[in-house]
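What follows is one structure encoded as structure tokens, with my remarks underneath.
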Amino acid sequence: MSFFDNYQFFCVLILILLPSLLLGILEQPLKWYSTAATILFTALAFFSKPEQAAYLILFFIIELTVVKGYMALRVSRDRNVRVYRLALFLSILPLILSKLAGLWGESIFAFLGISYLTFRCAQIIIETYDGLITEMSVFDFTAFVLFFPSLSSGPIDRSRRFLEDLNSIRPRREYLALAGEGIFKILLGLIYKLILASVFFKGMGMVDGARTWYYVIFYAYCYGFYLFFDFAGYSLMAVGTSYLLGIRTPDNFRRPFQSIDIQEFWDRWHITLSHWFRDFLFSRFMIQSIRKKRFKNRLNAACAGFLVNMLVMGLWHGVTPSYILYGLYHGVLLAATEWYKKKSTFYKNHRQKRWYRFLSWLITLQLVIFGFYIFSGKFVWLLGLS
Amino acid sequence: MKETLFEILERICENDIVKSNPDIDLFETDLMDSLGFAELLADIEDELGILIAPSEVDRSTFNTPNRILTYLETRSAS
């Protein structure tokens, strides 16, 4: 059983959410119930896939051991960089193995959600090193890492934020407002995913395989909107479901096609992923670069930071030419935007004007759609490289 | 502390409005971006000796000169 895309899932979901609604209204703790639901859904999702289930269990044991072990070492060894790097490496090792094995057509640690689960575990290690997390019970770790609404494809929550929600009880009025918002999000997500995404998917099918330029453009637009409605629809349902369980999972999309420039786009598209990379990779790379004076000036450091950041993000999606190209493409665009904003007097003089904002929006939209076209794998195909 | 912080902010934002209007939202006004934020954390550590992790603060509440100052004051008091 997969998540948020079949009747079986939705039927179980409704059955599971009704008691939680009751518990929420009665101002009872939801943590035990929601974690039991997580275990149930995980079991249902992996029941028919024993190999995936075995990898998930192995993955979970490795991550739990690394997290618990590192928390103990953080106390005895303090901010020891070597120990920290080793722990961080071990926490992402299963994901690396899974991606590398994929290159040779093998499957190691290939189970639903590994990419997203790795983010949650790695950030616990990083924040433990930072001193922001000092302890986490096995129960809390399980509830956070496997939380079923966002198990398969995010959004990527932060453990401190999540556990604060999990371990608190909302007053009835507040819970009802949250639950109402959640139901709205689930319904909107259904419209996005089941209706709008399907329409654009049909559009893609109409011109699939055509190499004439206007068909290619039509395909790229359809794919871009399909990707948005499909993923944003899923995310809305995941967020809405978590609201009913008393967890305010962060939103993943905020009208991305309105963006005036590429930097703003990444603040609106797959937000929890890009903010994860911003907080746990880009900012740290930048601070280190400033410290070690790796670059001539801070602008160069930022440009390098964007490139590294987006390349890793591309690799995270998959070790394929299309994803790597997609990452580099956005890295170059972000770096160019940063450079342009800092250096251009034209930008500084006109950026508030209506015509400038319109033009900037129009150009950004084309760049974004072209990026999706690369992401779809069709660009590499069009070039005859696949 | 206040003076040092405001000097840092003025240098990063390249604008002295951070001093005259310390309740201005640095991110919404584009005075500060991801690069500026990283510089801010590096400079706060170097000049004030307070180590702030990038994921420690929420940019929707760590967003004005005054709020950053308040945060630093609570951090240095603890």
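Using N, Cα and C of the backbone, Cβ positions are placed for all residues, glycine too.
Automatic prediction, not curation, is the source of TrEMBL annotations.
According to TrEMBL, the protein carries these features:
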type	residues	note
TRANSMEM	A:6-23	transmembrane segment
TRANSMEM	A:53-71	transmembrane segment
TRANSMEM	A:83-102	transmembrane segment
TRANSMEM	A:138-156	transmembrane segment
TRANSMEM	A:176-201	transmembrane segment
TRANSMEM	A:213-236	transmembrane segment
TRANSMEM	A:299-317	transmembrane segment
TRANSMEM	A:323-340	transmembrane segment
TRANSMEM	A:361-383	transmembrane segment
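Between the transmembrane segment (A:213-236) and the stretches A:6-23, A:83-102, A:138-156, A:323-340, A:361-383, it is A:361-383 that has the most C-beta pairs under 8 angstroms. Here the transmembrane segment (A:6-23) has Cβ contacts under 8 Å with residues 29-30, 33-34, 37, 40-41, 44, 179, 241, 244-246 of the same chain, all six or more residues outside its ends. Below 8 angstroms of C-beta separation, residues 4-5, 21, 24-25, 170, 222-223, 225-226, 229-230, 232-244, 246, 248 of the same chain, each at least six residues beyond the ends of the transmembrane segment (A:176-201), sit close to that stretch. Tertiary proximity for the transmembrane segment (A:323-340) is limited to same-chain residues at least six positions away from its ends with a CB under 8 Å from its CB atoms, namely 261-263, 266, 299, 302-304, 306-315, 317, 347, 367, 370-371, 374-375, 379-380.
Proximity of distant same-chain residues to the transmembrane segment (A:361-383), defined by a Cβ-Cβ separation under 8 Å and at least 6 residues beyond the stretch ends, is recorded for 211, 216, 219-221, 223-224, 227, 256-262, 264-265, 269, 317, 320-323, 325-326, 329-330, 333.
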